[in-house]
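What TrEMBL records for 1-109 is domain 'PX'. Under the heading domain 'Ras-associating', TrEMBL lists 115-206. Per TrEMBL, region 'Disordered' is recorded for 398-427.
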Amino acid sequence: MHFSIPETESRSGDSGGSAYVAYNIHVNGVLHCRVRYSQLLGLHEQLRKEYGANVLPAFPPKKLFSLTPAEVEQRREQLEKYMQAVRQDPLLGSSETFNSFLRRAQQETQQVPTEEVSLEVLLSNGQKVLVNVLTSDQTEDVLEAVATKLDLPDDLIGYFSLFLVREKEDGGFSFVRKLQEFELPYVSVTSLRSQEYKIVLRKSYWDSAYDDDVMENRVGLNLLYAQTVSDIEHGWILVTKEQHRQLKSLQEKVSKKEFLRLAQTLRHYGYLRFDACVADFPEKDCPVVVSAGNSELSLQLRLPGQQLREGSFRVTRMRCWRVTSSVPLPSGGTSSPGRGRGEVRLELAFEYLMSKDRLQWVTITSPQAIMMSICLQSMVDELMVKKSGGSMRKMLRRRVGGTLRRSDSQQAVKSPPLLESPDTSRESMVKLSSKLSAVSLRGIGSPSTDASASDVHGNFAFEGIGDEDL
């Protein structure tokens with residue numbers, strides 16, 4: 001998750017008090033909350049009490065006198081690095097102290113009182129599920145409420161997640177991010193003040209072997225079935241005319257398990273597809289469509305005069321990756337601290353093992369770069385769990401003293417309509433060389449001076465690569 005503090009604001013104190021500087025904390029480029037230096041200092045001191053000073057990153061010190069504009073900008077940069085470091089630390093970033101601080105700050109910034117409301121959550125097939133929640137309910141609470149409404153067993157809740165999406169004109173979804181433990185879903189979606197933004201329930205794992213656990217349950221089976229039909233309809237899963245005919249026949253027979261078994265054999269089953277963007281592979285400014293799944297990033301591309309092609313980048317061959325956000329300078333070429341900033345440009349760059357002893361950087365420029373990074377990390381986490389012999393089956397942690405206030409009647413998952421005829425405009429794809437050894441890729445140098453943040457993620461799964469994988 002990408003934290004940034006791209007700007008500050010001068011605000012008047014309460015009851016006519018003296019003015020102060022407020023720091024706008026953005027998550028994935030969207031305002032999450034507005035806090036003062038003293039609040040962040042209080043968070044730092046609380047974390048220090050709980051975890052010790054040696055664990056924490058450096059925090060910008062207090063100043064005896066008022067800050068100059070240059071010092072305000074310097075403190076903003078230091079606080080931004082601090083928040084990023086805390087979030088990326090496995091211990092600090094998952095702590096209740098850190099996450100509850102951000103939830104409270106989000107609610108206070110958006111000025112949303114705590115009250116019971118009805119929240120709409122969509123399934124992959126567009127079906128609406130209305131749940132009664134509190135505006136102050138965190139992501140885990142809302143996910144539990146949806147599961148209760150659908151009668152999904154507790155031990156399957158962890159197989160699903162809530163995602164913030166933007167609904168497109170064709171009825172499909174553009175994924176913004178997976179809702180996190182530090183935010184309040186009701187506040188997150190309503191603060192965007194647009195009917196385009198929705199919350200969607202979707203499976204949260206990548207390995208189709210885990211489907212077996214979910215399909216043992218009637219509700220889990222229906223959720224997987226509805227998601228798969230939707231993915232086929234929107235072209236996320238690649239099917240031939242013959243495969244489409246077989247799927248439709250199984251659908252007519254209401255053979256959901258057999259339908260899913262066949263779908264599991266199809267290219268891009270269970271993948272998450274992103275909006276069209278630009279990459280420097282295999283050449284600069286190449287239009288691509290990125291999909292994530294099955295421990296890889298897939299790039300569909302078309303070079304001038306060529307048919308549609310696909311290149312696959314395995315997660316186990318990515319040494320590391322980073323998300324970089326940069327803000328173009330105004331036309332004058334200069335910018336005063338915290339002012340005159342344009343739209344944020346996001347890039348995902350990963351260092352890839354093209355062949356033995358040869359690493360190359362690949363860069364994807366997309367507003368969804370952070371979501372791509374989250375997908376990479378979750379695929380690596382899943383690989384490591386599997387490598388250690390762990391299991392996905394688990395119950396969501398319930399907070400101590402927490403009680404569910406759910407009296408809603410249960411709601412069944414509706415079966416989606418029959419598949420439409422395949423889109424004849426969709427082309428078949430030619431696989432690029434799996435080794436990509438002939439591809440020349442430009443490397444990435446140090447971030448430019450207008451880059452506001454760079455998060456580097458080391459890949460523990462990279463260590464397991466052997467010569468047989470090359």
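A Cβ is built for glycine as well, from the same backbone N, Cα and C atoms used for every other residue.
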Summarise the domain 'PX' (1-109) by DSSP state, stating how many residues are helix, strand and coil. 52 helix, 24 strand, 33 coil
Over the domain 'PX' (1-109) the mean pLDDT stands at 85
Taking DSSP helix as H, G and I and strand as E and B, the domain 'Ras-associating' (115-206) has 24 helix, 35 strand, 33 coil
